[in-house]
Amino acid sequence: MTDYEVATAFLGEWGHFQQQVFFLLCLTVIPNGFSGIFIVFIADTPPHRCVIPANVNLTAAWRNRSIPLELDSNSGALVPSKCSRYRLGDVLSLSDRGFLPGVDVNMSNVPTESCLDGWEYDQSVYISTIITEWDLVCDDRWKNPLTSSIFFCGVLTGSFVSGQLSDRYGRKIVLFVTMAVQTVFTLIMVFAPSWPVFCALFFIVGMGQISNYVAGFVLGTEILSPKVRTIYSTAGVNLFFAAGYMFLPLFAYFLRDWRMLLLGLTLPGFLYVPLWWFIPESPRWLLSRGRVEEAEAIVRDAAKKNKIKPPPVIFSPLQSSLHIELLPLILIQMFGYYMCEHVHMHVVIQQTELQCETSKALNICDLLRSPNIRWISLTLWLVWNTLTIAYFALSLNTANLHGNAYFNCFVSALVEIPAYTLSWVMFRWWSRRLSLSSTLFMGGVFLLFVQLMPANLVYLSITLEMMGKCAVTTAFTIVYAYTAELYPTVLRNTALGACSMASRIGSIIAPYFIYLRSYSVSLPYILMGSITVASGLLSLLLPESYGMPLPDTISHMQHFPG
């Protein structure tokens, strides 16, 4: 096989074929914008209090004072308790005897009890959520962050499995199979009878969600030309992801019941079935597996769509007896008689390396086998972990911000538009390493400033949080494309899947960063800001890939300067 990009240069940069692949693959990303993030609405906890049964004969005064007051940790004001009530038997006795609360009775002396008859929920924002349906409050409130963590456990599993399946069986088939898994199991979630069943289904949705994103990302990266690849891997897929993210609050605003919201978000997924006949397999991957005829057929079809006549021979496959043909070439090279054939021999040796590596059926263990690739992998895994913690914690926190939850979610999605645009500009003209490091560092600084704002400057705090979200999103976009450039073709999808898999540790614990708000509002920002700044400095150890060709084998990878 000759160099793929040289061999396919006759197709041009932006013909009909490239446009079709670009936009169709971007369309497949839209459902990922709301899959998983919809938990912000369907698992939001509305204001609630203990139920006082209607058949209990209490006077109006005692019914109004049946819930004790407690200090709110966020506002510092006295608010009705969410998890306790005055003991109903004692209240009923005092009411029957004609005593008045706060006048004849010191309420601090009245014993309390838990919400034995359940809770009543404010329905001014939501008709129902999984919290209100299954009473995931008070003693069961730990189930709320666990729900999101289970989804990210599914993402972890999908990252581990899909990357290797995609490198072994192809990008296209994994893309469409996992899109079907995501759509069908989200639909089944609509009929979940209990919280454990909901979580089991949510786990499978997580597996499909990350798998189709990574497969589609790598498929576009390998098919498109270098300049278009840069746009696709930064602004392209991510702008469509943001579009899906912005659709979420719109759907949620009109569909206030959690089951109807999931149904509304699922049905558009079935519109993607016809794309199977319009999105091709990666010719680069086919070549790496030795399927030269299939790769040529796709490239010739691309040339036909671009109205370009292809050359008679596009790829020159190596003969099966590589080890026999390589021996005289090596001997000639050793004795110095290769001056006229130097370039040709260099290509053949590269081809042999690629053929040898693909014949080994490389797997995730090869990401740690040699020192150079091991240090690159470990550094990227730490950076990816930090980014997933910051990104998902900030995304899931929108329901806790001051003001309208739907508007806050829309703004959180909207700030990703300039982030993706900025990532494309930085990735197009600036150093990869400095782009990643600077955005990580700035994101951490903004988050550290949030906890320094006075309580009365709520909107300034929200602005800083959104600026931090913008910086983190920019870094997240850059690290995806940066990672794809650092790893070789024979391991690229496995490497992206492994990075995504390793980062799921961060996404699994991200909901618990938000859970820390119940102890201190500032604590999540201090932790997220600190680790993000530290990761910004750590990323300076990575090699530079700006202007470098995509490596095909492990030996072609850039040296780790750290």
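Glycine too: its Cβ is placed from the backbone N, Cα and C atoms.
Automatic prediction, not curation, is the source of TrEMBL annotations.
Among residues of the same chain six or more beyond the transmembrane segment (20-43), those with a C-beta under 8 A of the stretch's C-beta atoms are 126, 129-131, 136, 144, 147-148, 151-152, 155, 175, 179, 182-183, 186, 205-206, 209, 212-213, 216, 219-220, 223-224, 228, 232, 236-249, 251-252, 258, 261-262, 265, 268-269, 272, 275, 278-280, 305, 395-396, 398-399, 405, 409, 413. For 20-43 (among others), the entry in TrEMBL reads transmembrane segment.
Feature annotation from TrEMBL assigns domain 'Major facilitator superfamily (MFS) profile' to 90-547.
Annotated transmembrane segment per TrEMBL: 173-192 (among others), in sequence order. Using a Cβ-Cβ cut-off under 8 Å and counting only residues 6 or more beyond its ends in the same chain, the transmembrane segment (173-192) has close neighbours at 28, 31, 35, 158, 162, 165-166, 198, 201-202, 204-205, 207-209, 211-212, 215-216, 219, 259, 262-263, 265-267, 269-270, 272, 275-276, 279.
The transmembrane segment annotation in TrEMBL covers 198-219 (among others).
Annotation comment: TrEMBL describes 231-254 (among others) as transmembrane segment. With a threshold of 8 Å between CB atoms, the same-chain residues lying at least 6 positions outside the transmembrane segment (231-254) that come near it are 22, 25-27, 29-34, 37-38, 40-41, 213, 216-217, 220-221, 224, 261, 264-265, 405-407, 409-410, 412-414, 416-417, 419-421, 423-424, 427-428, 477-478, 480-481, 484.
Per TrEMBL, the feature transmembrane segment maps to 260-279 (among others).
The transmembrane segment annotation in TrEMBL covers 375-393 (among others). Residues 148, 152, 367-368, 436, 440, 443-444, 447, 468-469, 472-473, 475-476, 479, 483, 486, 495, 498-500, 502-507, 509-511, 513-514, 524, 528, 531-532, 534-535, 538-539, 541-543, 557, 560, 562 of the same chain, all 6+ positions outside the transmembrane segment (375-393), place their C-beta atoms under 8 angstroms from a C-beta of that stretch.
The transmembrane segment annotation in TrEMBL covers 405-427 (among others). Below 8 angstroms of C-beta separation, residues 33, 40-41, 44, 125, 230-231, 233-235, 238-239, 241-242, 245-246, 248-250, 252-253, 394-395, 398-399, 435, 439, 462, 466-467, 469-471, 473-474, 477-478, 481-482 of the same chain, each at least six residues beyond the ends of the transmembrane segment (405-427), sit close to that stretch.
TrEMBL lists 439-460 (among others) with the feature transmembrane segment.
Residues 144-149, 152-153, 155-156, 159-160, 162-164, 166, 210, 214, 217-218, 364, 367, 377, 380-381, 384-389, 391-393, 396-397, 400, 480, 483-484, 486-487, 523-524, 527-528 of the same chain sit 6 or more residues outside the transmembrane segment (495-516) yet have a Cβ under 8 Å from a Cβ within it. The annotation transmembrane segment is assigned in TrEMBL to 495-516 (among others).
The annotation transmembrane segment is assigned in TrEMBL to 522-542 (among others).
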Sequence-remote contacts (6 or more beyond its ends) of the transmembrane segment (260-279), Cβ cut-off under 8 Å?
20-21, 24-25, 27-28, 30-31, 34-35, 38, 41-42, 172, 175-176, 179, 182-183, 186-187, 189-190, 219, 248, 251-252
Counting only residues 6+ away from its ends, which parts of the chain sit with a Cβ under 8 Å from the transmembrane segment (522-542)?
375-376, 379-380, 382-383, 386-387, 389-390, 393-394, 397, 432-433, 436-451, 465, 468, 472, 482, 486, 513-514, 516, 560-562
Counting only residues 6 or more past its boundaries, what in the same chain has a CB within less than 8 Å of a CB in the transmembrane segment (439-460)?
76, 383, 386-387, 390, 402, 423, 426, 467-472, 474-475, 478, 521-522, 525-526, 528-537, 539
